[in-house]
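Read through the structure below, which is laid out as structure tokens, and then see the notes.
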Amino acid sequence: MALEEGARSCLLRSRHRLEQDIKPSYLMDHMVSDGVLTVDEEERIRTQPTRKDQAVALLELLLRKDNRAYISFYNAMVKEAYNDLANLLHRDLPRVLPEAHFRLSDCCTPHVQAVLSEGGVPQRPVVFVSRPELVNRVREKLYRLQKEPGWVTVFGMAGSGKSVLAAEAARHHGLLEECFPGGIHWLSIGQLDKPDLLVKIQLLCFRLEQSLDSQSLHRTPNTLDEAKERLRFLMLRRYPRALLILDDIWDSTVLKAFDLHCRILLTTRNRSLTNSVSGAIYEVEVESGLDENKGMEILALYTNTKLHGLPEEARSIVRECKGSPLVVSLIGALLKEKPNRWPYYLRQLQQKQFKRIRKSSSYDYDALDQAMAASIEVLPDEHRELYKDLTVLEKDIRVPAKVLSVLWELEPEEVEDILEEFVNKSLLFVDSHNKPYLYYLHDLQLDFLVEQNRTQLESLHKKVVHQYQQHYRDGPPTSGDEDCLYWIRFLTYHMAKANLFQELYSLMFSLDWVSTKAQLMGPAFLINDYVEYGPILDKENCEVRSQFQEFLSLSGHQLEQRPFPDVVQLALSQPHTSEVYRQALLQARDQAGTGKLYFEWLNKSSVESLSRLVIHPHQGSIYSACFSQDGAKIASSGASKTLKVFKSTSGEKLAEIQAHDDEVLCCAFSPDDRLLATCSSDRKVKVWNVERAILLRVFEEEHEEQVNHCQFTNTTRSLLLATCSNDNFLNVKLWNLNKPSSQNTMFGHFKPVNHCCFSPDDTYVSTSSNDGTVKLFQVASANEWKTISVSDVFAESDEDVLVKCSTWTADGKRIVCAARNAALVFDVETSEMLLEIRTNRLSTVQYCHACPTSNLLAIALSNYTVELWDLEANKKMADCSGHLSWVQRVQFSADGSQLLSCSDDQTVRLWETKKVHTSSAVCLKRDSDVLFNEDAIVVSAADYCNRLQVRDGRTGSVLFQSEEKSSRIRCTCMCRRPSAVALGQEDGTVQVLALPSGELLAALPGHAKTVLHCRFSQDGRTLITSSEDATLRVWRWQSGECKVLQGHKEQVRRFSLLATDTRLLSWSFDGTVMMWDMESGEKLQDIEAHRGAVLSCHVSPDARHFATTSADKTAKLWHCESWQCVHTLSGHQDCVRSCRFSWDNRRLATGDDNGEIRLWSAEDGSLLRICSRDGKDGMDSLHGGWVTDLHFSPDDSLLVSIGGYIKWWDVGKGEALQTFFPTGTALKRIHVSADFSTFVTIDSIGILYILQRVL
């Protein structure tokens, strides 16, 4: 039969939408199963080069097929959650298959009805929804009985709808005519003893004989054997082509009474029953129950509501029912009586309050309990006890046999046999797609067990804990197998349920447990444990619980790295008062005796950690993150094209959606938290169901350029979605989600619009544009109300003013706009500027958000920080440091208690608003100098206020601080005698200051450009400087005498003094290396060392050789006397950034911009080792960034390197021994004490690290 014209037209109308969005490979699996698509046709479509080409080919084929293919295509889209596309096809569905509301199908003729009625087959239930896939599978098996007798077994758990399926399968004209012309006879069995079974067979024989002439009537058989023989005679001689349906068989002995070599369909919970009978056996498993759409149909029929008219709770209710027709019908019956209780019954289901639901219902729900009890009762006594142990399982959790092997102290093979028995009796389900097999209970089964064993729950959980402790007495499992993961995930749950609080404290207050669980499962599960069991743990010690939770929250992103970091080393960075630190220090000291390396952060008390939680959700920049209205969830999106949803308490991932074909620029929750909107560079706007993570709406026709921002109204009173884009004219739109096109378009901007947001009362929407204005539009009319010209504030500049965003204050009377390096506050009524907040001149404001409950304003900046300002006091309240790249978005939670920020560094950070304040830790620049004086450590560096600071490294106290300099300080160095510090500035000047007085000892002008490096000679009388002006200068700084060393053509970033203090080695971006006599200023040597810039140089300790590294990806070894190149070292795949000789002069270490470190023989230039390549990070680097500095230990057994983090290496093996993760990144230089015990560096966000080896 050809495709109906209406269906054909619908396909043609919807063709473009379908081609854009469907994934044919998913849909074709269903269509092949339905028999409307051949394997050859599927293969031809799969060979098309792109997804879209496959979609085009599939639709072409559909147009040439019949109505069945159209219906199968529609059903496949529903199953794969293309609900919006399926809705396009629904109206024109051909009337081939029975609809839910038809009482008769095309194949259920009056003849069929008469035959089934005579045979005692039950009528359809009052509320009936077809399940064509399962029905067709049963019919297909029944057709196999056409030529020879046999058994068709329909098995599944109680309440799965087996009886209805069996009756429906028989309701088919073709099946009766071709296979069972002798009729169909139904016998309900249940749990029977022999007398009851005899009565059943007597009644069946009487019914069969009623249809024959009176001569064939016999006396009633008096024994079971006699009844069986009478039934055999009737079935084989009088009804050889009849079907006998045995409903609800429990016992194999009962089944043997019907082993008559006839055609039988039976329903049962015990799959293995037919093992005891003869003949062909065919099986159909009813495992998953109803799909969601069928469940929705049942609810619609019970409540007399159209499908599209069902409330939002309907689908959630169906999901909570886990596909059980019995439970869906139960809820439907309740709602029929009380139709206003949708939210109430959903809550009851979510809280697993089945008992309360039962008490509310007149529906025969007790049948399920009776069936479960009877199923368990037939188990052997020892197996019944084992089944009781399953009461302790969490809902929806699947366990491997090995877990139960530990619990039951049985061999795994024996456990598998027992579990197979449970599965065969439909007391348990098995996921056979997984290896090893995983076993689980249906919620209804688990609910029954809990009710039955409520008084024993504590002891059952204690048994689990005891068995675990016995089996793993030598330490927790670490293999990562399914059984291991179960114990690691749920041991705390069982301890809490068993009221084993002391064991729970010991476990969760243990750094070893933290390390084990974090390595196997990630930090989110651990954080969840501390949140969930917090009330229990707090009774023991709330401070310790808080310390462990804080450690995990702030170190979570590092605990997700691979290779897995050393938890003890991470914990050593915790405050000295923390129990986490105390345990780490004990372990570090213990393991230090075996040669293990650990390092304490001595000055950590001077650095406050302000963020509460760090999440690393995406690979690539994060452009948007937002709170749900209740603050419980966070959504994020960015360059990875995905949308992710997390718990705000722990960072546990709740959903991940491949949202768009290009970068996702914004995401936003609806005011009721049910929906999420996303917009993208692919020009589409999409709306998602949060709970189910499925697509509800796509708006793709109207925006012609990338969509920059989307925002819902603040209330659901009249829910609208605003979007704005890079379109030149039609760039701001309002969408009603119930309409396919935009409700309104706002006109006024003629350049891209970056941001849009509603006023607190949803009266206005504000838009921020590259045309330098913020416009306020009336939502009701879409008319422009007023324009605020932000560009007028920057009238002194000729450059375009791009307004990044705007935000409304809580009272709706002021609006704050972000442009350039300022946040500008305007009065909404008068458009007058009230306040101007200017931030750092070198950074731009990326985003701002006003707190909905206070006067705070959060500002996201390109200099990696978040600032908090009080709008009333016009005062900065906090600098929130921690991000390692541009901060793209900030948002307060609805109650103002929390603040989130997201960044190009791939992280989302959460901050507690009340705890955030101006940090006491002063941010320092990375160019620094360090003096090690016995136990003292003195550090000099410029701070972010452009003041020079000299600090005691151990205590953090400031020994000296200069006034703010007018020109940026670029380098510094210190002199022991006299006690002085020098600084070089961007304007080319050099100053020498006395310590600690700060008296100006010398001002040394001369360089024409930035001074890049400076250093005192050993006697302190000479100061050498190098500059961007391509010169070096040798100063007798006390007299002002100066020698200028000229010869390089490009900037001289560094230089090196030879041991004699009379010769100087310099290198430059021009590829040259030069040797100078410092006394005379004469150039002694000049070589073209590399084709690219020379990036580093080091002289061997014996002064016989020096090494150079370059942007040309090579390193070279040179002879100091002959100045000949001894070896060229090739192999690095990127710029070679650093080098260092070993103290014995035999090795050279080199590091490159890809994070790779190589060890070479200085004698023959051969490659000795490439330091371990394991563990590329998200930046695709082996070291978190460029390797910028290297140092050998005095005995040359160890090497320290810095890049994105600090690593210590075993030189002999080339293996990493320890890693220290700073808060920031891009470390530039590390200063090492002579005994290789103390290490000093400064990271990209200005935090100073004094690290000392734990001994």
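The chain as shown is numbered from 1 upward.
Glycine is no exception: its Cβ is also placed from the backbone N, Cα and C atoms.
If you average pLDDT over the domain 'CARD' (3-92) in this model, you get 82. Under the heading domain 'CARD', TrEMBL lists 3-92.
The annotation repeat 'WD' is assigned in TrEMBL to 615-656 (among others).
The repeat 'WD' annotation in TrEMBL covers 657-698 (among others).
The repeat 'WD' feature in TrEMBL is assigned to 746-787 (among others).
Assigned with DSSP, the residues of the repeat 'WD' (880-921) fall into helix, strand and coil as follows: 0 helix, 18 strand, 24 coil. If you look up TrEMBL, you'll see 880-921 (among others) marked as repeat 'WD'.
Beyond the ends of the repeat 'WD' (1004-1045), by six or more residues, the same chain brings 970-978, 980, 982-992, 1051-1055, 1057, 1061, 1064, 1066, 1068, 1070, 1074, 1076, 1078, 1080-1081, 1083 to within a C-beta distance below 8 angstroms of the stretch. Marked as repeat 'WD' by TrEMBL: 1004-1045 (among others).
Summarising the annotation, TrEMBL assigns repeat 'WD' to 1045-1086 (among others).
Positions annotated as repeat 'WD' by TrEMBL: 1087-1128 (among others).
Tertiary proximity for the repeat 'WD' (1129-1170) is limited to same-chain residues at least six positions away from its ends with a CB under 8 Å from its CB atoms, namely 1092, 1095-1102, 1104-1105, 1107-1111, 1113-1117, 1176, 1181-1192, 1194-1196, 1199, 1201, 1203-1204, 1209, 1211, 1213-1214. Under the heading repeat 'WD', TrEMBL lists 1129-1170 (among others).
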Original post:
Taking residues 6+ outside the repeat 'WD' (615-656), which of them lie with a CB under 8 Å of any CB in it?
Top reply: 523-525, 527-528, 531, 553, 556-557, 560, 662-669, 671-673, 676, 678, 680, 688, 690, 693, 885, 888-889, 891-895, 897-898, 900-904, 906-910, 1178
Original post:
Taking residues 6+ outside the repeat 'WD' (880-921), which of them lie with a CB under 8 Å of any CB in it?
Top reply: 557, 606-627, 629-631, 634, 636, 638, 646, 648, 846-854, 856, 858-862, 864-868, 1178, 1223-1226, 1244-1247
